[in-house]
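The feature transmembrane segment is assigned by TrEMBL to B:12-33, B:53-75, B:87-104, B:110-128, B:140-160, B:204-221, B:249-266, B:272-293, B:300-317, B:329-352.
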Amino acid sequence: MDLNTILQVLDSTVRLGTPLLLMCLAGLFSERAGIVDIGLEGKALVAAFFSAAIAYSTGSLMLGLLAGILSSLVLSLIHGVASITFRGNQLISGVALNFLASGLTVLIAQDWFGQGGRTPSLGDVRFHELTLPFAEALRPVPVIGPIYYDLISGHSILVYVAFLCVPVTWWVLYRTRFGLRLRAVGENPAAVDTAGISVVRLRFSAIIIAGVLCGLAGSYLATALQAGFVKEMTAGRGYIALAALIFAKWRPWYALSATMLFGLLQAVALRYQNIDLGGFIIPVQFMNALPYILTIVILAGFVGAANPPRAGGDPYVKER
Amino acid sequence: MDRMPAWADVVLIPLISLILAAILSALAILAIGESPAEAFYLMVDGALMRSSGWGYTLYYATNFIFTGLAVSVAFHAKLFNIGGEGQAALGGLGVALACLYIPWPHWSLALLGSAVGAAAFGALWALIPAYLQAKRGSHIVITTIMFNFIAAALLNYLLVNVLRPVGAMEPASASFAAATHLPTFQSMFSSEGNTLFRGSPANITFFIALIACVFVWLLIWRSKLGYEIRSQGYSESGAKYAGISPSRIIIIAMLISGALSGMMGVNATQGAAGRLILNSAEGAGFIGIAVALMGRNHPFGVLLASLLFGFLYQGGAELAMWTSIPRELIIVIQALVILFTGALDNMVRWPLEALFARLRKKEA
């Protein structure tokens, strides 16, 4: 395996890891505030559809992105109303939203475009790959040149936004008052309430941030990674992001490594199909299932305990 | 707050939730430019007005009864088994192995054997998440979701590489021997000159599903184990104080739940397809969640909700055939039912509770 192949695999790792990273950070904000969110998949799916549909209809990528984020926010708010306002079961609400997204996107796509649940190809209206400064100039330099040109440069703007979200998330969570309160509300909402801070407002803020991030993830899928929406295009990525979140033990920097690891698994599975290890063949299905298997191994406690935020999943009832 | 009368809790709340879901679905149909009334008529006509329509409705309902009961047994122990889909897929595998590799002399024996295989494989697939929840405290929802994906990958591998007959393109097993074919409603109820349930997949497994309803009722409300499961679901610390081991109940409840999900394979794989196909569970594992929530975790409620969803599935297929409404409308309806009966339960409950409290005050 030469440098070029490695770079190609790593390049597609970044491409495939980016939506996972965005959704994982979305889950991180939500779960750190005590709202379990298994609706990441659904939010990204509606965002993928609406970003592609609006970008196609208006010819404007920015309007598409905006529509993607807004549609994801709508699902977020339903989740918030169900699980915060009406103290419903957060898991059931998430399941319902995933189904809602999976059904509605096809229903609307069929009605608008009549192409069996997909949008027409976006053609040129999509996020293009950026060439970072000096990439062309540095290209002939051995090792560093190709790494900079192929791996670091040459992604769409959303990839850089996603990577930037990691330090920003860290900073917000650990260096701001809002972040401290957010983490507190996920561990002990009663204490936060006693301090005179609104639990409901904090949790809604967390859910809105999650909605925006899932919106970015979905738009990335339909308008950057691919040129258009196809039925079920999130393909379980929301659940892989959920797995990555556990893997990352609900921490931003670990989230980056976990999602890139899962991105690498997807990239390898995509490139090599069945891997031949000197007579012993690893089937592609095993590679596809590996993120889930790894999560089970983590949960089984073989690689250290993964403790979720303590108040996760419980609706907060104010004392009377 | 005052308690509501029991009938309001059992009948009124699910009914209102259902009406809300129906109104939103009607709006969705209106929005895509079709008439809700006409769509409803088409669904009723296709699903209930002919015996062949009933044959499909009851076939789907059979699947949903099994998965719905599975979810509700777990719910009674306060466990959310979202892994019905994977357990049902493994159940299908159990059925296929029993039918392919054992030369059954008669369908009745084959039915027994495949039912054991389906239940065992389904239960086995629920065992690991159950063990992790019981002993390691890892959340059953996350682990069962993961196991759905692992099951899909496993079946994909087995069907492509192991069970697929030589030379076949499609990832599916060989067809089962004729001796394993279950009696269909068509062969059971048709008389000379009067064919009923023509060509529909409903089969004898429907009656096994009814027996399963009775079994779950006996288990939950008439047995010691059921009492323990319910105590655990009501208050784990209370149950522990009474000497009930939480990890034992978690594992037993999940094994029963997985076995019930797996039993779906008898209906879909042996009864209808006659071979193991990719995605043999057809999403029924997830519909089980909607069915259990709507049926208020009671076998009779599950039966009614399953019939409703069977009607929706068959009616939805008819709609897709005659109008521009795609089958995915059913997924939207299913989502709305889960949302209203599950997550937004309090939205309906609180105003009703307030209403009943005011009525009571007036009487006093």
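Cβ coordinates come from backbone N, Cα and C, glycine included.
TrEMBL annotations: computationally assigned, not manually curated.
Sequence-distant contacts of the transmembrane segment (B:140-160) (same chain, six or more residues past either end, CB-CB distance under 8 Å): 79-83, 85-87, 89-90, 92-93, 125-126, 128-130, 132-133, 171-173, 250, 254, 276-280, 285. Sequence-distant contacts of the transmembrane segment (B:272-293) (same chain, at least 6 residues past either end, Cβ-Cβ under 8 Å): 59-60, 63-72, 75, 82-89, 92-93, 95-96, 148, 152, 155-156, 159, 163, 170-176, 181, 201, 203, 261, 264-265, 302, 305-306, 309, 334, 337-338, 341-342. Highlighted: of the candidate stretches B:12-33, B:53-75, B:249-266, B:53-75 has the greatest count of Cβ pairs under 8 Å to the transmembrane segment (B:204-221).
Just going by CB pairs under 8 A, the stretch in B:12-33, B:53-75, B:87-104, B:110-128, B:329-352 that sits most against the transmembrane segment (B:249-266) is B:110-128.
A Cβ distance under 8 Å defines the sequence-distant neighbours of the transmembrane segment (B:12-33), meaning residues of its chain 6+ beyond its ends; these are 39, 294, 296, 301, 324-325, 329, 332-333, 336-337, 339-341, 344-345, 348-349, 352. Away from its own ends, the transmembrane segment (B:329-352) comes close to residues 4, 8, 12-14, 16-18, 20-21, 24-25, 28-29, 286-287, 289-290, 293-294, 309, 312-313, 316, 319 of its chain (Cβ-Cβ under 8 Å, at least six residues beyond either end). Packing against the transmembrane segment (B:87-104) from elsewhere in the chain are residues 63, 66-67, 70, 81, 110, 113-114, 116-126, 147, 151-152, 154-155, 158, 163, 173-174, 176-177, 179-180, 257-258, 261-266, 268-270, 275-276, 279-281, 284-285: each is 6 or more residues past its ends and has a CB under 8 Å from a CB in it.
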